[in-house]
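Following: one structure in C-alpha cells, then a few remarks.
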Amino acid sequence: MILLLLTTVLALAAAYFYRFWNVREKRQVELRKIVERKRAERAESVKFAKQSAEKLDVETRNWIASLEYSELKEGLQSGTISCIDAVRTYYFKAIQANEKTNSVCMFVKEAEQWAMEWDEKAKDPEFKKPPMFGLPMSLKECVPLQGYDQTRGFVQDTFHPTETDAVLVQQLKKLGAIPYVQTNVPQSLLSYNCSNPVFGTTNHPMDKSRTSGGSSGGESALISADGSILGIGGDVGGSIRIPCAYTGTTGIKPSHLRFSHRGVCGSVPGRPLINSNDGPMSTRVETNVDFLRTVWADTWITEQDPYVPPVTWNEEAYKSDKKLKIGYYTDDGWFTPTPVCQRAVMEAKQILEDAGHTLVPFRPPRVPEVLIMFLRAVCVDAGKFLSNKLMNDIIDPLLYTQVVLWMVPVRVQRFLASFIRVFFPRLGNLMNAMTLSTVELRNTYADIEAYRSEMAALMIDQKIDALLCPVTVTPALPHVAPSKLFAGTSYTGIFNLLDYAAGSVNVTHVTKQDELDLESDYEASDPWYALAKNSSRGTIGFPIGVQVATPPYREETCLRIMREIEFGVTGK
C-alpha cells in the first residue's frame, strides 16, 4: 500500500514537471522570436543613427567630438555649434563605443527631429536658449522615455513602450537637453554585471572578458568609451557607483528625496524604504555638478510631484571653503577589499588632508546585520516577484546564482544556513536574509529606521560631515563573478539603506605592486575571498574609485569633496 502510494505521488510529480517543462519550452520558443524582432529593431536604429551621422562632414564632427562638456555647452549657447550637428556627432561616437562595448539598447530617432526644432527656434533673435540647449544625453534603459521600452532586461517587457516621459525626462527636454540613446542594463536591474537576454552582454572598454558594472553598466561603458558626454543612471544598491568605479568615470546617487519617482518602474515594485534614484554620470565631477545645479535651480520638480521637497541647489555649500571633518574606513568589518581598493581610500584621504580637512577613522556599526536588512528590504517578498518574472522569461546565464537564491523556499534556506554556517559563516549569515513573513518584514523596516537614527546620532555626536570609503571590494570583475559575489555590495548598499547621497570618483589605477600585494597580503580564507582574489588578477591598469557619502540634502557637500579629490588626482 505504501509502495503504491509512493509510486502514485512520484507519477503525479513527474507529470506535473513534464507539463511545466513542456509549457516553459513553448514559452521559450515564443520569447526567442521576440528577441529576434527586438534585435532587428535595434539594428534598424543603429542603421538610422549611422545614416544620420554620415550627413555631417568629418571635419565638423571631429571638432565637436574633441570638445569638453563646458566647451560643447558654450558652443551650443553661442550658436557656433548647431543642435543637429551635436546630435549627429554623438550618434557617431555612440556607434563607435557600442562596437567596442555593446552598451546601446536603442538609438532615439526623434533626437534628430528635436535638434532641428531647437535650431529652428534659435533663428528667432528674441528666443532665449534654455540652459542645456542642444546637449545630447544618454539614458539608462529603465528611465521612462515616451515611445520606448523599459524592459529592465526582461524579454516579456519588450514592445510595450511607455506612454509618458519620466518627470526627469520632461525636465531635461524643457531645459533643452536631447536624449539620443538608451543604454544597457542587467536583467532585473539587481546585479552589478550588465547582461540580459534581449540585448546581450555589455563589456568593459578595456577588456571584453570583464564587466563595466551594473546596473548602469551600459552608461558607464558608453561614457568611458567616449560615446556620451553626460548620462543618467539609476542606483538602488550601487548601480551608479560601482560602474563608475570600474570604468574610471564619476557619478552620484542623490538621496531619493531630491528627484521624482512618479511613473518610474523599479526593479521590484512596492519597496518603501530601499529606493532607487536617478543620478548623473560623466567623466568629470564638474559635469555632474553643472547638471544638478541646472535641474535643481528651481522647484519645477516639486511642482510636477508634490512628494519631492522644494530643496534647490545650494551653491554656497558647494563653493564653501569651510574645512570639514570626514570619517574614513578601508574595511567595513564584513568584506575586506583587495589591497588596491584600500590604497585608493588612503590616497584620497591624503589629498583631503592636504586640502586642510580633518580625516578621522570611522566604521559603520553592525554591517553584517545591515546587509541582511538591505537584502530583505530590497526583495520585499523573498524574491517572489522576481522569480515569477524570471520563470516567464529567458533567464540570462550570468544571473543563475542569484536566481537560485530567489527560487529556493525561505524555510529551506534557513534550514541549510545552520549547516553552511559551520564551514562558510558569511554565506550562512546571508541565507537568513529573505523574509519568512510580513511580521518579520515589518520588524526589518523598524530595524532600518532605528539604524538610520543610530547613524545620524553617530555623525552628529562626532561632528562628522561626510564619509570616505571604498566603492566595492575589487577592480572590474569577469562577467560571471558579480552574481557569485553579491556580498561585496556592502560598501554601496549601506548608503541606499541610509538614503544618503553617495558618489564615486576615480583616484588611481591597479599597479604591478598592487598585484604583488594581492598575492602576498590578501588571504583567501573563504570562497568569497578566494573569488575576489582570483578575479582581481590580471587587472593592471584598471581604474579604481573611492566613495564619498553625506546625509540627505547635502549632495552639494558630497560633490565638493569629490571635486577636491578629483583635482588632487588630475590637477584640473
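Backbone N, Cα and C atoms are what each Cβ position is placed from, and that goes for glycine too.
Among the features that TrEMBL reports, domain 'Amidase' is placed at 85-559.
Residues or ranges marked as active site, charge relay system in TrEMBL: LYS140 (among others). Of all the Cβ atoms in the protein chains shown, 27 others lie within 10 Å of the Cβ of LYS140 (active site, charge relay system).
Per TrEMBL, substrate binding site is recorded for LEU189, SER215, VAL236, GLY237, GLY238, SER239.
What TrEMBL records for SER215 (among others) is active site, charge relay system.
Residue density at SER239 (substrate binding site): 36 other Cβ atoms are found within 10 A of its Cβ, drawing on all protein chains shown. Summarising the annotation, TrEMBL assigns active site, acyl-ester intermediate to SER239.
Across the fold, the C-alpha of GLY237 (substrate binding site) and the C-alpha of LYS140 (active site, charge relay system) stand 16 Å from each other. Across the residues annotated as binding substrate (LEU189, SER215, VAL236, GLY237, GLY238, SER239), the widest Cα-Cα separation comes to 11 Å. Shown in sequence order, LEU189, LEU190, SER215, GLY266, SER267, ILE274, ASN275, SER276, VAL378, ASN496 are the residues of the chain, 6+ apart in sequence, with a C-beta less than 8 angstroms from the C-beta of VAL236 (substrate binding site). The Cβ centroid of LEU189, SER215, VAL236, GLY237, GLY238, SER239 marks the substrate site; residues of that chain outside this set whose Cβ lies within 8 Å of it are LEU190, SER191, TYR192, GLY214, SER216, GLY234, ASP235, ILE240, ILE242, SER267, SER276, given in sequence order.
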